[in-house]
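S.K.: Take this structure, written in C-alpha cells, and hold onto it; I'll ask about it next.
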Amino acid sequence: MTRLDNMADYFAAEPMRVSAWLRLPLIGLIVLLGSDPNIQMWHNGVYYGVLAAYTLSAVVWVGIAVRGQVADWVAPAATSADIAAVVMLCLASGAGNTELLPVFFLLPVSVAFQERPAITAILGIITAVAYFGILVYYIADGNLERIPGDEYVTWAALLWLTVFTTGMCFVLKRRSARVVQLVHIREQLVLESMRADERRNREVAERLHDGPLQNLLAARLRIEEVLERQSDPVLTAVHSSLRETAAELRGAVSSLHPQVLIELGLTAAIRELARQHTARGIVDVSTAVEEVGSPPAQPLVYRAAKELLTNAVKHGRAKNIRVELSSRRCWLTLVVTDDGRGFDPRDLVLSVADGHIGLASLTVPIEAAGGAVTITSAPGAGTRVSVTVPADMAA
C-alpha cells in the first residue's frame, strides 16, 4: 500500500472518529428527552435496557475508532445501528414520548461526511421510512387516530435532508479526491526537480572529474618526474598544493554525485558520510541506521543528512553527533542529534530574512514532498532535528 493510499484511508477514517465522538452527546440528548417523569413509557425496562446497551456500544466504538483504521463497512453499519437503536427507543417509549422523533433528523448528517453518496442516500431513505413507520405504528397501536398534517411536512423535510446530505457527500468526495490528486502532482514535481538536480550534479561532477581533476593529476605527475631527477623546494611546494587541491576536488566531485549512494543505497551512503566527518578529526559521528535499501526519496534524505551534519559542525560547533535512520511503513525518518551550542528555533525566521537559508532550503523541499522537519533546540543545549519523508513518494 502506497503512502497516498494510507492518506486516503486516513481521511476516510477521520469522519468515523468524529461521528463516534459525536454519538456520545447524541445519547446525552436522548437521555434528556426521555427524562421527563410525566412521560408514561410503554416498556420501561426495554427502553432503559436499549439505552444502556446503546451507550455501552457507543463508548466501545469510540475506543475502536480512535485506535486506528477500520473496515469500510463499519461506518454504515454503525449508522444502521443508530437507526435501529432510535427506532427501538421510540417503540419502547410509545406515542407519549414523541420528543424522540427529532433525533431522526440527526442520523442522515452522521453519514454525510463518509464520502459515500450511495450509502448516505440509502441510510437517509431508511431513516425517513423508519420515521414514517413509527408514526404508522403509533396509529396501529391505538395511540394516534391519524397522522397529523404537520408530520407530513416534517417527513418531507427529512427526505429533503437526505437529498441535501447526499449532495454534500458527493461534493466532499470530489474535493477529497482532488486533494489527493494535488498531493500526488506536487510529489511528482518535487521528484522531477530532484531528478533534475541529480542530472545537473552528475554532469558537473563528470566535467570536473574528466577535465580539471585530470589536468591536476597530469601536472602533478609531471612535477613528480622532475622531482625524481632533481630536488626543488618550489616544485615540492607546488606538488603539495596540487595534491591538496586534487583531494579537495575529489571531495567536491563525490559531494556532487556520491557514488556510494547510487551503488549501495541510502544506509551505506549515510554511514560513509558519517565516516568522512569523523575522519576530519573535528567531530565524532556515531550512527544507528537501519537497512532501508534505495527508496525514491533517498536523494532528499541524503541531502538532509549532509546539510544537518555540516550545520552541526560549522554553526553548532558540536563535538559529538548521532545520526539515526529508520523506516516505518511508508515513511523514512532521519534524526540528527548534536551536543553543540544550540539555538532558539524562533531565530530561524530572522536568519532567513538575513539571507541565511540553510535549514529553510532543506525544509521547503521536504514539506513539498509531503514530509516534515521538527527542530528541538535551545541555547547551550544542543540540537535535535527530525526529518520524516514518504519513502515511496511519487513512485
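Using the three backbone atoms N, Cα and C, a Cβ is placed for every residue, glycine included.
Keep in mind that what you see is a predicted model, and the values were worked out from it rather than measured.
The transmembrane segment annotation in TrEMBL covers 20-39, 46-64, 84-107, 119-140, 152-172. The domain 'Histidine kinase' annotation in TrEMBL covers 301-393.
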S.K.: Let me know the model's mean pLDDT on the domain 'Histidine kinase' (301-393).
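M.R.: PLDDT averaged over the stretch: 81.
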S.K.: For a three-state summary based on DSSP, what are the helix, strand and coil counts in the domain 'Histidine kinase' (301-393)?
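M.R.: Across the domain 'Histidine kinase' (301-393), DSSP assigns the residues as follows: 32 helix, 31 strand, 30 coil.
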S.K.: So what's near the transmembrane segment (46-64) in sequence-distant terms, Cβ-Cβ under 8 Å and 6+ beyond its ends?
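M.R.: Contacts of the transmembrane segment (46-64) (Cβ under 8 Å, skipping residues fewer than 6 from its ends): 20-21, 23-24, 27, 30-31, 34, 70, 78, 81, 85, 88-89, 92-93.
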